[in-house]
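Undergrad: Taken from Swiss-Prot, the feature active site, schiff-base intermediate with D-ribose 5-phosphate covers 81. Residues annotated as D-ribose 5-phosphate binding site in Swiss-Prot, with sequence analysis given as evidence: 24, 153, 214, 235, 236. Taken from Swiss-Prot, the feature D-glyceraldehyde 3-phosphate binding site applies to 165, supported by sequence analysis.
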């Protein structure tokens, strides 16, 4: 029988990344740039979300060779993505020794009914959420870390803002509820009532919630921290920009010093062009990655 990590241990590992930036990388060179810029972790994958979106087809777990190349290049934690519901991909990454697994809507879902039972794994998982119902379901499945889904690969922050605001508004609502209201809310959200009771008791999510999906500039990162994010994932925004090294350093600094507007102004000067981006409103429903998962 596989060994499993306790919630306390796995959540504690995720807490260690709080306040930091996690960057998508596709090779050792990019991983070294991310580490030098101050990233707290990297996400190893074959293609950044913008390229996955452009290529179409079926997006799967990265070749283990790519993941190992990144793991061997840096000393910071390494994450990797698996398809929603694909627990064998997750077992493969666990066997490789990755530090975290992202059950990600960026990849093509493998199961349209079940997410992975993350409690059966030693390695901690991160999952996306758009609202408190999704957040609570992922926590009940054993997620140790959450992130907004946003709309990956667009360079457009609007959906990440929407998701962060919604989750936090729903938390405030739950905290003020009586027990009978809480039970009714759990039914409405499709969320386990035990998770909502824990949220009410502690006044927040029991796991960290990072911003992800559309962060492209230092100001974007600072905005998400202002809205209550515990940290920031940057997917396509860095290595699709004109100057990845500068963007990486600037986004890390802006995330740390998100209330220092003079510094953010300084960091934003002379960066070169940000990734071109996509207006989310122009995407057809079937092209919205955030709709994946349930």
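Each Cβ is built from the backbone N, Cα and C atoms, and glycine gets one as well.
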Undergrad: Given the recorded positions 24, 81, 165, 214, 235, which one's Cβ is surrounded by the fewest other Cβ atoms within 10 Å?
TA: 165
Undergrad: Determine, to the nearest whole angstrom, how far the Cα atom of residue 235 (D-ribose 5-phosphate binding site) is from the Cα atom of residue 81 (active site, schiff-base intermediate with D-ribose 5-phosphate).
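TA: Taking the Cα atoms only, residue 235 (D-ribose 5-phosphate binding site) lies 12 Å from residue 81 (active site, schiff-base intermediate with D-ribose 5-phosphate).
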Undergrad: 10 Å Cβ neighbour count around residue 236 (D-ribose 5-phosphate binding site)?
TA: 24
Undergrad: Return only the integer: C-alpha distance in Å from residue 81 (active site, schiff-base intermediate with D-ribose 5-phosphate) to residue 236 (D-ribose 5-phosphate binding site).
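TA: Residue 81 (active site, schiff-base intermediate with D-ribose 5-phosphate) and residue 236 (D-ribose 5-phosphate binding site) have their Cα atoms 15 Å apart.
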